[in-house]
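K.L.:
I'd like to ask some things about the structure below.
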Amino acid sequence: MTLWEDFMFEIKSKDGLGRTGILKTEHGTVRTPALMPVIHPGKQTIDVKGPGAEIVITNAYIIYRNPELRERALSDGVHRLIDFDGPIMTDSGSFQLSEYGDIEVENPEIIRFQDEIGTDIGTSLDIPTPPGVSHRRAIEEVEVTLERARESIEYRERMMLNAVVQGSTHPDLRRYCASRLAELPVELHPIGAVVPLMESYRYRELVDAVLSSVSELPPSRPRHLMGAGHPMLFALAVSMGCDLFDSAAYILYAEDDRLLSTEGTYKLENLQEMPCSCSVCTDYTPSELMGMDREERRNLIAEHNLHVSFAEIRKVRQAIHDGNLMELVEERCRAHPRLLEGYRRMSEYLDLIEKFEPRSKRSAFFYTGPESLGRVEVHRHLKRVKEHLGERLALVAPSRRPYSSSLPARIGGFSSLRPQSGGPWRVVVVDLPFGIIPLELDQVYPLAQSDAPGIMDLDGEEFLRGLVRDLMDGDAIVDDALCSELGIELPYKYMGEVETTVDDLDRVRMVADYQFGMGAGELLFTDDVRIERSRNTGKIRHIYAGDELICTMRASDGLLVLGAEGAVRLHKGTDYPAWRVAVNEESEPFARKGKSVFAKFIIDCDNNIRANDEVLIVNADDELLATGKALLCAEEMMDLNHGQAVKTRKGGF
């Protein structure tokens, strides 16, 4: 046999580290994120395909150890053995190793066996190092795991290969193991030995283990969070970059009369009402289930557990498509304090998450609590906007959005930390969730596409108060209404008034600086540009140089879409590789014709590119070929070999 070469993973949509994708295997295609029900090869009685399983996982070691199952698997194949015609992943016996301390098979033997029975995705025999062990023991076992992963490549023939990330609760070892595995020619990466963390609700440590691993894994390879089968965890895990989950929980919990839900777990004997609207919950009452024989009751509860689990996977995929995954995460994490603690821990990894966060999304940003202030969108905005504020700031309380349309033309009643006089002042609205909003940017995503409760919580007040104090270190005056709202007392009164009208040219220049970097505004928009407004909305729509279109201001997010003249100006005025995606010779003629750019043809790009950025498509000599919208971030563009990377808007340069 030869390696099945059509394996493919393609990213279809993104929200932070979360992504939906297509995983193509020899026995079919899987939509990710995906849940893999665990199938017991000898006693499976539950239908998993009906509720939604596109891929399953079974234990090759159990098959190997049972003479009857082994003979049937070798003669008929694992698909016929477990009666599932879709993709099958097999485990190598690592679970038994972690439970019993020893197993009766060597790594080469179990790798060959998985290949011989026709599994789609096999797994090397890693060492599942438990949480809390010494650094010395953990590194020794990581080295064994790495050696076995390398060895597995030699023995596998046709199947795809899992290489498991280990490292216990030592983030440095997780990163080390992941970085070494990333160098190997394997296809997927489980993140292992995390079940004890989940069982004991140690979600903060789980976040460290997962994100330390993901930080070093290639974006082109799906990541499998091993043993994560409870639906209350799916949203958080996907937001950390996990694509696959396996669930034995659906049947194990059913054995104990426990029903899964996204809010937690219900014991059947405590229920007065059934918890969801699946067929089991609508057809039976708790008392009716309690009156059944044990096997029938177990099967029905398992069916419910599968339905609620697959429903949550579908909801997570839709949330990624809509761009509101983090709102779902914040909702789910309020099901348990330890889960919320884990989510809060993610704020320690904002620089990692920011690399994968799209620049613009189709959904608004909702402030649902103080955790929202730790989201990457807020982190990114504050980092960028402070570069563009300049000096002499007038900080004002929020009004109805867009602020620039609802504020009075002139505002009086300001105070300051030091005596101030004269003008002009740059007007900055101070408001949740983004804190600092210059009027020139009040129609730009995500500042305009956000909402927060009118009654602030204490964390929100302190967040805004801290920003105001930081800005008062320079020349700043503060609206008395804002001082009152935030409980700030300032010694000096400013007796003048502040002009709030925003000049159109100032607006488009600042948007360009915010979007493309400092200096882009004057580069794109000289003093003689012509600005057109929409007849319907009155908002800026097009910016021209004579009759040549420089940019369109997109109505949905207030960001700039490059026209032909804008692309030429940005290309001439910036050095390679700024805002560029370079394609090879094979792709060049297609890009010139306006065809989309696929990841496998990209030879270089600007490391600062994020999904939904406007980009310049060039060849190896930096000749401008076309413009387009990035669908992937820079790291994904350079790593993936499948799928669209840039949706080309205009070619023919």
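Here, residue 1 is simply the first one shown, and the rest follow in order.
Keep in mind that glycine also has a Cβ here, set from the backbone N, Cα and C atoms.
Features from Swiss-Prot:
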ACT_SITE  Asp91  active site, nucleophile
BINDING   Asp126, Ala193  substrate binding site
BINDING   Cys276, Cys278, Cys281  Zn(2+) binding site
DOMAIN    578-653  domain 'PUA'
K.L.:
Helix, strand or coil by DSSP: which one applies to Cys281 (Zn(2+) binding site)?
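P.N.:
In three-state terms, Cys281 (Zn(2+) binding site) counts as helix.
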K.L.:
Fewest neighbouring Cβ atoms within 10 Å: which of the recorded positions Asp91, Asp126?
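P.N.:
Taking Asp91, Asp126 as the recorded positions, the minimal 10 Å Cβ count falls on Asp91.
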K.L.:
At a 10 A cut-off on CB-CB distances, which of the binding-site residues Ala193, Cys276, Cys278, Cys281 has the highest count?
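P.N.:
Top count of Cβ atoms within 10 Å goes to Ala193.
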K.L.:
Could you measure between Asp126 (substrate binding site) and Asp91 (active site, nucleophile) for me? Cα positions, answer in whole angstrom.
P.N.:
10
K.L.:
Spatially speaking, which of the recorded positions Asp91, Cys276, Cys278, Cys281 is closest to Ala193 (substrate binding site)? Use C-alpha to C-alpha, please.
P.N.:
Asp91
K.L.:
Which whole-number value in Å describes the distance between the Cα atoms of Cys278 (Zn(2+) binding site) and the residue listed as 'active site, nucleophile'?
P.N.:
30
K.L.:
Around the Zn(2+) site recorded as Cys276, Cys278, Cys281, what other same-chain residues have a C-beta within 8 angstroms of the site's C-beta center?
P.N.:
Met274, Pro275, Ser277, Ser279, Val280, Thr282, His304, His307, Val308
K.L.:
In the domain 'PUA' (578-653), how many residues does DSSP assign to helix, to strand and to coil?
P.N.:
14 helix, 29 strand, 33 coil
K.L.:
Round to a whole number and give the Cα-to-Cα distance in Å for the pair Cys281 (Zn(2+) binding site) and Asp91 (active site, nucleophile).
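P.N.:
About 33 Å separates the two Cα atoms.
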K.L.:
Could you measure between the residue listed as 'active site, nucleophile' and Cys276 (Zn(2+) binding site) for me? Cα positions, answer in whole angstrom.
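P.N.:
Cα-Cα, rounded: 32 Å.
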